[in-house]
Amino acid sequence: MLVLRAVEVFILEPDVPLPQTLLSHPSYLKIFIPENTRELRLELQGCATNGSLGCPVRLTVGSATLPRNFQKVLTCISPSWACHLLLPSPPWDRWLQVTARSLAGPHVSVAFRAVAALTACRPWTLNSQHLLPSGTNQSCNASAGLLPPSPGSRGPGRSSRLGSGPFCLMSYPVLREDMDVVSVRFRPVDRVSMLVQSAVPSVLRLHLNTGMDSGGSLTVSLQSNQTAVTNNTLVVVCVNAASPFLSFNTSLNCTTAFFQGYPLSLSASSRQAELVIPYPETDNWYLSLQLVCPESPEECEQTSVLVETTLYLVPCLNDCGPYGQCLLLRRHSYLYAGCSCKAGWRGWSCTDNSTAQTVAQQRVATLLLTLSNLMFLAPIAISVHRLLLVEASVYAYTMFFSTFYHACDQPGEAVLCILSYDTLQYCDFLGSGVSIWVTILCMARLKAALKHVLFLLGTLVFAMSLQLDRRGAWNMMGPCLFAFVVMVTMWVYRCGHRRQCYPTSWQRWGFFLLPGISMAAVAVAIYTSMMTSDNYYYTHSIWHMLLAGSAAFLLPPREEHTEPWACSQKLTCRYQICKSHREELYAVT
């Protein structure tokens, strides 16, 4: 992030002209927008260019780092008309940045006066004494005491100090209850329903400015009384950030100065409405409601409606349903939540079944990923036959945990977990890495003591690296490359010592090494470049078979003059001849 700080920023006070002169560098202004500001009007007066009339100035209101829909641009060229910018419902309780740039040449000076005018109004705050019981039937007489004073004149451009203007909204106090991580419930104090009338909007403010609320989903659910909304009445609702929408009498598009807003409506045919806002920005959010009668406005003057509100913030919508899991992600003090869908289900809350798998497909996928591990029986049998018992144990360990890990990893109904998912995954990754490690070192034909020391050290290194980062590429590639260097070094040493290629047999190269290396190369290519979430069941099953098959081909033959299955030469007198590999002496037991 590149941060540039303006050295000189002028404060623009309401109704106080601020003289400015532009040359090649822009001029930076800022104005504080207090709470309950209805409208902001920016105007350029007395604009002149080097003493002549003309106003080549571009005025940008809003942050320059945000997208363009968070900015308002005013270009002034002709002096024949008033150059002004009108912003309805600007962001409350914050500084608003204004940048003025000259459109004239680099050596032309432009002088003007910037004037800001704020139109403010006072909220009619309702407390528990003003609220009616939820079950009271609303009528003109019952709700007469709730009506605020007449809004009066609210023409654009009218300037007034905050607190001296007319009432522009009915403000309901809202209680915030923190339930859990990224889980908040909002409710009006002492009640659930809001009284909605046609005189002024009814507004609820939702505090989502703690810095930990932007990682969930904000849900707004509204329901009106069954008899309150008639065919000629309509409850219009707007959900906005930073400032509420207050211009229901002139527009119904929910657009404030820098925010598009989310529109909702309640009518006789649709008495319920719901809105879900994923990842709401950190700010104060406002819910505005007003009663509108498009056909007969006079009917709304004698009508009021109770609207029941359900407002809450949850990490995941509907807890991701039966085919999803709600996960929390924390990065650089930011906390986010999201659904991890399974079995081909998609959508914000895993409700889209357009690509979902059937139960039969889930079972086939489970069988492919688990039964493909039976291919490890081949290297296990060959290892035992060639007296490679440590290698056989590693392959058996890998086959067991890979089978049950993939049985537990499957989505949907075809799931079997004998241990916790994290334990099975760790053991599967550890077994896969150690299998490659012992296979390559076994091909190097090291001395027995050195080979087993490297086996143990490599296993410990794999265990440590997987604990650091289980899916890191170099955690497995690093030790395997080291083992490959050891193998190549030993082969080159034997080639120079024996003055012939090692291994010496062309049958060994043609029928074992080349097929094994080819299978391993294809397995690595599939694992690194061809495996996707859609073909995972097929490609990963092929990876299992190729990995096990390559190990079976690449395992070296047993030592010369060594009988298979560790069978010693038995004598007719039931004595047994044993060989000590260390002393190379024969003893009779």
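Using the three backbone atoms N, Cα and C, a Cβ is placed for every residue, glycine included.
Curation plays no part in TrEMBL annotations; they are all automatic predictions.
The disulfide entry in TrEMBL for CYS316 points, among CYS300, CYS326, to CYS326.
All chains included, 23 other C-beta atoms sit within 10 angstroms of the C-beta of CYS316 (disulfide bond). Residue pair CYS316 (disulfide bond) / CYS350 (disulfide bond) shows a Cα separation of 10 Å. Sequence-distant contacts of the transmembrane segment (474-493) (same chain, six or more residues past either end, CB-CB distance under 8 Å): 429, 432-433, 436-437, 440-441, 443-446, 454, 458, 461-462, 465-466, 468, 502. Across the residues of the domain 'EGF-like' (312-351), the predicted structure has a mean pLDDT of 85.
Of the listed disulfide-bonded residues, namely CYS326, CYS350, the sparsest CB environment within 10 A is found at CYS326.
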